[in-house]
Each structure stands twice: as structure tokens, then as C-alpha cells.
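Peer 1: Okay, here's the structure, questions in a sec.
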């Protein structure tokens with residue numbers, strides 16, 4: 001091989017033939033060495049050979065060869081040799097990079113194609129974005145950025161579709177599938193404020209909303225606390241044709257979650273009760289349909305039975321299709337460049353994008369926790385009961401909690417009164433030491449005409465005795481007698497021990513005589529004691545275990561913060577920053593601490609107005625102060641990215657460097673391509689020459705900060 005290279009060193013034509021032969025024989029190491037020799041001799045080879053080299057490396061789906069191919073693209077651009085690269089090989093390389101989890105080079109190629117006005121069609125770039133979103137959070141973030149950049153070209157009818165010369169550009173316009181991919185990726189990556197920017201852009205692009213997009217929108221609004229937007233969507237969801245039970249489940253899970261976020265316990269509990277009522281009616285109908293009947297009625301009821309069987313079939317079909325979907329390995333599926341080129345309209349890529357979208361949406365379906373479906377009927381899960389109970393208890397709404405649980409039991413009766421949700425809640429309160437709340441719930445049960453089991457009275461009475469609350473224990477004993485509840489011997493023993501400790505010997509003897517007269521055997525309530533022991537050992541014990549875990553480990557969210565965040569977001573979106581500032585001031589005066597969503601709305605609002613760099617600097621100072629003092633504010637990628645963008649746009653490079661340091665410290669992804677383009681657009685000639693001989697300390701620091709940022713971008 002070495003002799004061949006030496007012989008051909010004086011003949012570039014023969015060297016090109018040898019490179020082509022090595023590529024045909026998949027001798028990629030040899031082809032790369034030959035290519036490097038060609039670059040030393042003649043520079044880049046002819047267009048067809050360069051395209052073959054790029055596509056051959058791309059076909060391997062091997063990261064090292066893909067990186068070498070991308071380095072050639074970068075070198076060609078630096079040397080202004082873009083004309084040597086056709087659109088199709090670059091799209092193919094970008095797709096392979098995306099499949100291998102390399103979103104930065106994949107997105108850079110797409111951006112360069114747009115810069116060169118070699119517009120990739122939406123069918124092609126949507127598949128690339130789909131693989132980027134599926135693989136990594138940074139890929140999902142870049143996918144959203146790309147759609148925002150591409151969408152900007154088409155907003156408000158900027159491109160005239162009637163002109164034939166605009167046809168390649170029109171083919172690049174984002175469609176429903178591409179937007180759904182980016183939105184689903186943002187949801188999975190947790191960058192839902194970036195996703196909301198895409199939603200705000202959709203009407204300006206004239207994108208049609210389908211059933212999948214409706215549910216994705218609902219999930220974004222729910223995560224961001226946009227309850228009013230969710231309510232507006234509800235009518236569209238209820239009227240939308242072709243929605244599956246899974247999609248209905250996702251939407252109402254979002255709505256229920258949002259009610260909880262805002263502390264609207266009345267709306268949340270009403271939703272749960274309505275679900276239970278509808279589920280009860282549906283179960284009764286199915287039971288009637290399964291009963292044998294005579295005459296024409298048999299035909300009518302058999303239809304109900306068939307529909308139930310068809311529901312079973314549809315659900316099993318969906319499970320099978322889901323298994324098939326999960327079994328597909330999109331990233332390892334190799335499509336040869338020849339097959340890629342035959343599909344001139346990129347229809348196969350569009351179909352692949354839809355398949356990846358299904359995989360993304362399937363991942364989102366798994367995240368639904370508050371609602372389940374059975375035979376297509378929506379039903380609340382234990383998780384929603386746990387969250388509601390915790391919220392009621394924290395709000396001190398004992399009467400409302402008891403009413404909700406009693407009404408829910410009427411619609412969905414437990415096997416026994418001892419196993420009801422209300423009993424589990426009371427037991428949980430006793431275990432946590434919340435004895436007043438437990439007693440209040442027992443009183444509410446009694447007033448509602450629901451008989452509490454003796455185990456509740458017994459365990460609460462013992463807890464009072466342990467807490468040295470003999471008076472409350474005595475009051476509970478009298479209530480139990482009036483209710484006709486027979487306490488066990490261990491309850492009496494606990495009361496007697498309590499009286500002895502208080503030196504009330506007469507009272508202890510009276511209780512002993514009463515226990516003897518009742519002929520109570522020693523025993524107690526082993527079932528309850530086993531339940532509590534199981535909870536303490538963290539074993540699975542149903543609703544009580546989950547409730548205890550949620551109360552001990554779950555985070556409490558101040559609904560007031562969500563309310564004010566929505567107000568600030570509304571004003572910022574409308575660019576009414578004076579009103580937004582007043583709302584933020586009022587929020588602080590109420591003792592509410594702004595969080596990342598609050599500051600994000602303010603910063604993006606200032607950025608939209610323009611020129612408000614001092615205000616953003618003041619906000620950045622407040623953010624750092626809050627973040628260092630409390631845990632209520634945690635910097636996230638979306639917030640810091642919006643702050644960084646504003647500082648770079650305004651030339652505040654000392655502050656920009658601070659934000660970069662904060663992002664790199666937390667290992668957050670930063671889209672350097674975006675900031676490089678922003679810097680070159682607004683500060684291209686900044687500090688290009690030598691430093692002046694005479695400058696103040698402030699000027700020197702500004703210059704050093706700008707040069708440091710420029711170096712970080714790779715422009716220094």
C-alpha cells in the first residue's frame with residue numbers, strides 16, 4: 001500500500017481512483033489515508049468523489065467515521081468550498097449523525113444548508129429532528145431551536161407561495177408532524193417553556209392542529225401551569241373526532257394535575273367524583289349487557305357485549321403495536337445512499353419521522369399517573385387520592401376531605417368499611433401524630449351517618465394516651481359508647497395506665513371494673529397493627545403506605561406562586577413590562593419568592609421589548625441572591641439560556657461570562673452556534689484592533705470580558 005501511494009503521489013487522477021476503489025471495498029482506513037495525501041497534493045478532490053467519501057462514511061453509522069466526515073464539511077466551509085458539496089449527501093450525513101446521537105454536528109449541517117440557500121425539505125429535516133429528539137435532551141433542545149429559526153422565515157406570510165422561485169423554500173416550511181416531534185422532545189427533556197415558544201409561533205405559521213398535537217399542547221400547558229389555556233382546549237378535545245381513550249386519559253390527567261397545582265381542591269375533587277359516577281354507570285351498563293335476555297332484547301344486549309369484546313381487542317391490538325414499536329431500533333437501521341436518493345420526495349424519511357414520533361408519544365403516555373382506563377372508561381388512581389388527601393390536610397379542610405372521601409365511597413364501595421379510603425386516611429393521620437385531624441375526621445364520619453370501625457377508636461385512643469392527652473382520650477371513650485362501639489381490652493389497659501400515671505386510682509379501678517363487666521378478652525386489632533408495622537418497614541400496604549410516603553417525602557407547592565406567574569407571563573407576553581414589574585413587586589410583598597418560571601417570563605419579555613439590558617442585569621443579581629440563599633430557585637437551562645441571549649445581544653459580556661460559568665458548572669448544554677451567529681451579527685467588529693494606549697480600568701475590563709467570550713465561542 002505504501003508503494004502504491006508513493007507511485008501515485010505524482011498522479012492525482014490515479015490517487016482519486018484508488019480512493020474510490022478503497023471506498024467500494026469498504027477499506028475506510030486506506031481511503032482516509034489516501035484522501036489525506038490528496039489534500040496535501042491537490043486539496044479537495046472533485047465533487048463526486050467528495051460526495052462518495054461523505055456518504056460512505058455516513059453509511060457506517062459509526063461515530064468515528066461520522067466525525068471524520070463532518071470534519072471535512074467544516075473544512076470545506078472554512079475554505080469556502082461549499083460548491084463541492086451537494087444538498088443530498090449533506091442531508092444524508094446529517095441524518096446519520098442524528099441517528100448516532102451527535103445532535104450538534106447534525107443540526108450544524110442543517111443550519112449551513114439553510115445559510116447556503118440549499119433548503120432541505122420538511123420531509124427530510126423532520127426525520128433528522130426526530131432522531132435528535134429521541135436520543136438526547138440536548139438534541140431535543142436543538143430541534144426546538146431549529147424549528148424556531150426555520151419558522152421565523154415563514155411567519156406572517158413572509159414567503160409568497162405563488163412565486164415558483166420560492167418552491168424550494170416553501171418545501172422547508174414546518175408542518176404538524178415536525179412541530180409535534182419537537183414539542184414531544186421538549187416534554188421528555190423537561191424544556192417546556194421552550195416548547196411554549198413553539199406553540200406561540202404555530203398560529204403565525206398556519207399549522208393545522210390534529211388530535212396528537214392537541215394532547216401535546218395540553219401536556220405543555222399543564223407543566224407550565226397555564227390552566228386557562230387548558231380549559232380553552234377542553235372543548236376542542238371533547239369535540240375532536242378520533243381521539244382514543246388513552247388520549248382522553250392524558251388530557252384529563254393534565255387538567256387534574258393543573259387543578260392540584262393551583263390548589264383548586266374543589267375542582268379536582270369534583271373531577272374525581274364525576275369520573276367515578278360515569279365509571280359506575282358504564283360498569284352497570286356492561287353488567288346489563290352481559291345478562292341473558294329473551295327475544296329482541298337479546299340482540300340489543302349482545303351488541304353491548306360485542307362492543308365490550310371489541311374494546312378488549314382494540315386494547316390488545318394497541319399493546320401489540322406498542323411492543324412492535326418499542327422493538328424497532330431506529331438508530332441502527334441502515335438505509336443505503338442509493339435507496340436514499342431514489343426516494344426523491346423523501347417520503348420514506350417522512351414515514352420514519354412519524355414512527356419516531358409514535359415512540360416519543362408512547363414515552364409520554366407512560367408518565368400519566370392520576371388517571372387509568374379500563375374498557376375505555378376513565379378512572380382515578382390511588383395516586384390522585386393520595387395527592388388530594390395531602391392537599392386537603394395541608395389546607396386544613398377536614399370537613400371537605402371527609403365529604404369527598406364519603407362521596408367517593410358511595411360511587412366506588414370498598415369490600416368492607418374497615419378497608420375504606422377514609423379509614424386509611426385516619427390511620428395515616430394517627431401514624432403521623434396528627435391526632436386532632438384524625439379525631440375531626442372521625443367526627444365528620446359520625447355526623448355523615450357513617451359508622452367508623454372500632455379499630456379507629458382503639459388506635460386513636462391509644463395514641464392520645466401515649467401523647468399524655470387523657471382528657472381527649474376520655475372524650476373519645478364517651479363518643480365510642482354513644483356510638484355503640486365496643487373497644488377492646490388493650491384500649492382499656494392503655495386508659496388505665498394513663499389514669500395511674502395521673503394518680504387517678506379511682507378512675508383506673510372504675511375502668512377495670514367496666515372491662516371486667518364487658519367480659520373483654522385480650523387481643524386488640526392485629527390487622528391494623530400489621531398494617532402500621534408494614535408502613536413503618538416501607539412494605540407495600542396500599543393507600544396508607546402511599547399517603548405516608550407522599551406526606552413525608554412529597555414537596556408542597558405554593559399555589560400563589562403559580563397564580564402570580566400566570567399574571568406576569570400574561571403581561572410579559574403582551575410586552576406590558578410596566579405591569580409585569582408591578583405584578584412582580586406585589587408578588588414579593590406577599591412573601592412569595594419568584595422561581596425560574598417567574599424570571600424566565602420577565603427576561604423574555606424584556607428581550608422582546610428590546611434595550612432593557614439594565615433591567616435584566618438587576619434581575620440576574622436578584623436571581624443569584626435567591627439561588628445562594630434558598631432552594632426555592634434552581635437555575636435551569638431555559639432560564640439561563642434566555643439571560644445569556646439578552647446579555648450577548650446587548651454586549652454585556654462580563655455578565656454573559658458569569659452565565660456561561662453557571663451553565664458549565666451545572667453541565668448544561670449551550671448552543672454555541674446560536675451565540676456565534678448572534679455575536680457576528682451585532683459585534684463582529686468589536687475590539688478587533690489593538691488595545692488603545694490610554695483606557696480606564698472599566699474599559700479595560702469590558703475589553704477583557706468581550707475577548708474572553710469571543711475566545712469561548714472559538715472566534716478568538
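Heads up, the Cβ atoms here are built off N, Cα and C, so glycines get one too.
So TrEMBL lists these for the protein:
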- 13-136: domain 'At1g68980-like TPR repeats' (DOMAIN)
- 175-209: repeat 'PPR' (REPEAT)
- 305-325: region 'Disordered' (REGION)
- 311-325: compositional bias 'Basic and acidic residues' (COMPBIAS)
- 453-487: repeat 'PPR' (REPEAT)
- 560-594: repeat 'PPR' (REPEAT)
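Give me the lay of the land around each of these features.
Peer 2: Each residue in the repeat 'PPR' (175-209) gets a DSSP state, and the totals come to 28 helix, 0 strand, 7 coil.
This prediction places the mean pLDDT of the repeat 'PPR' (453-487) at 83.
When DSSP labels each residue, the repeat 'PPR' (560-594) comes out as 27 helix, 0 strand, 8 coil, counted as helix, strand and coil in that order.
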Peer 1: Across the domain 'At1g68980-like TPR repeats' (13-136), what are the DSSP residue counts per state (helix, strand, coil)?
Peer 2: 98 helix, 0 strand, 26 coil
Peer 1: Quick check on the repeat 'PPR' (453-487): DSSP residue counts for helix, strand, coil, in that order please.
Peer 2: 26 helix, 0 strand, 9 coil
